[in-house]
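Among the features that Swiss-Prot reports, disulfide bond is placed at Cys3-Cys20, Cys14-Cys41, Cys26-Cys30, Cys45-Cys56, Cys57-Cys62, with the record citing similarity to another entry.
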Amino acid sequence: IRCFITPDVTSQICADGHVCYTKTWCDNFCASRGKRVDLGCAATCPTVKPGVNIKCCSTDNCNPFPTRNRP
């Protein structure tokens, strides 16, 4: 499977059986910069703390960098 990986947001080959993920959360700059984003791959969908959103998927390049709605 191929997944996008941060910080470069490049598509890389991950190990067989892995899933791609997109993890997003707010930090002190959330209002001005938007949510922080972490893209990667893992053997299983990572568990996250409250306030952190995660989406996992299992097709090539299914975790692109999310677009931010501008006012």
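Each position is counted from 1, following the chain as shown.
Note that Cβ sites are derived from N, Cα and C of the backbone, with glycine treated the same way.
Recorded features from Swiss-Prot, shown on the structure.
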residue	record	Cβ contacts under 8 Å, 6 or more apart
Cys3	disulfide bond	Ser11, Gln12, Cys14, His18, Cys20, Tyr21, Leu39, Gly40, Cys41, Asn61, Cys62, Asn63
Cys26	disulfide bond	Lys35, Arg36, Gly51
Cys30	disulfide bond	Arg36
Cys45	disulfide bond	Val19, Tyr21, Ile54, Cys56
Cys57	disulfide bond	Val19, Cys20, Tyr21, Asn63
Subject >> Helix, strand or coil at Cys30 (disulfide bond) [DSSP, three-state] >> reply: helix
Original post:
Using DSSP and three states only, what is Cys41 (disulfide bond)?
Top reply: strand
Original post:
Tell me, by DSSP, whether Cys57 (disulfide bond) is helix, strand or coil?
Top reply: strand
**OP:** Just name the most isolated of the disulfide-bonded residues Cys20, Cys56, going by other Cβ atoms within 10 Å of its Cβ.
**Re:** Cys56
Original post:
Near the Cβ of Cys14 (disulfide bond), how many other Cβ atoms are there if near means within 10 Å?
Top reply: 18
**OP:** Drop a 10 Å sphere on every Cβ of the disulfide-bonded residues Cys41, Cys62 and tell me which sphere holds the fewest other Cβ atoms.
**Re:** Cys62
